[in-house]
């Protein structure tokens, strides 16, 4: 979708109503999201999906994929705790014909991980979401892409990865989202910026994994417009972080309050506080 014309006409008003419309659709339809995700993130990803109104399913057995995955509305694949046992399930689920989202956690950590990410990327995800270092490494097709690699945390700012994200989007035909202080979402041509969120969210493990799961739920509602779905999911998640921070004393209480905030979000808050714009 060319969001430029819509934004020029209505700006933040359009984005606010679009974000609310997608969240409302998730609440009304309760999309079933299969999550083949890392062990660290299962709890927060499931709770974020539930708070948004989706139905999470942490189903990763290869023997279940043929029966279960076709019933799902979307699939979320995360390589954070990648193992040879899980990779066939990831391949099978990604090939099942459902819209799916890839989180290439720590893509540059090992040759095995990079090879797996590139193989999954070839299976046509609707969205790829990672931090700047992950997107830079994936775009370069090299484990040596970042000499300052810092595990699952990014050693680059999100703006550093915009051009890499655009190139990756064009080569893979996926929407690519780069998380950071400002999030960027691109289809290779348009770049959308999302400015919601608070720094302390980075102190909670697996928040990136959780927002990728939320993106999958939004993509399930709008599979033909993944760039808008991804941008709105990122904005909603950042917004509930802002709301949660108003009551939080630290990372643990922020985790609790942001999940509550997601469950309680109303139209007025969403339409007035999401900060999404088309990057010139």
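Including glycine, each Cβ sits where the backbone N, Cα and C put it.
According to DSSP, residue 206 (substrate binding site) sits in a coil region rather than a helix or strand. Swiss-Prot lists 58, 206 with the feature substrate binding site, giving similarity to another entry as the kind of evidence.
Using a 10 Å radius centred on the Cβ of residue 129 (ATP binding site) and all shown protein chains, the other Cβ atoms total 32. Annotation comment: Swiss-Prot describes 129 as ATP binding site, evidence class similarity to another entry.
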10 Å Cβ neighbour count around residue 206 (substrate binding site)?
24
Measuring Cα to Cα, tell me the gap between residue 129 (ATP binding site) and residue 58 (substrate binding site) in whole angstrom.
19
